[in-house]
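Copied from TrEMBL, the annotated features are:
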type: BINDING; residues: T34, D35, D36; note: Mg(2+) binding site
Amino acid sequence: MLGAIVGDIVGSVYEWNNIKAKDFPLFREDCFFTDDTVMTCAVAEAIMNGGQKDDFIDAMKKYGRMYPNADYGARFNTWLNSDNREPYNSFGNGSAMRVSPCAWVMDCGFYARTGMWPSSRGLASLSAEVTHNHPEGIKGAMATADAIFLCRYYFGGYCREYEQPINDNHTECKRRIKDYIEKEYSYNLSQTLDEIRPNYRFNETCQETVP
């Protein structure tokens, strides 16, 4: 959550005034938190309240109305301020932006012992589905949550029985996460950030931003 929130605040002043340099002030005086921070906190509260569909809807509407000027997308804002509790088939990247608490509650120890994903992995899908029920909206949230979880798993020194932990080998950790995401979600992760940067343009969809 802290990583998501810090990233949101740092990037807040560049969303509409894009830069492509690496040398820039991390925190400017005019930085602020946006809708992504608000909804990340809402998702965390929803999980603590039980993690059911209604918990996510209630928390998102509660936090959204507490912070009405957080620059929500038009369709999400309409949903937020209405009595409607049904999703609207969005594939915007907001589902991925708010998903980090779901990855935090996934049990690394269970995965190490059994080789199976913890049942709490389903929270990532559910947190998306309440608004972003388009397949790409769900996929973006799931891929993001899986990547965060695998970072916690590998960098936390976890491993399967008869394996050696690889937490001291960052290159191998990143390779395994990349291979998994490409195989599971068919995302193309072959380009480096330096290769993406020159031709990248602002985009709000999961399929164009999550990979």
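Backbone N, Cα and C define each Cβ position, glycine as well.
TrEMBL entries are annotated by machine, without manual review.
Sequence features annotated in TrEMBL and their locations in the structure.
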residue : record              : Cβ within 10 Å
T34     : Mg(2+) binding site : 19
D35     : Mg(2+) binding site : 23
D36     : Mg(2+) binding site : 24
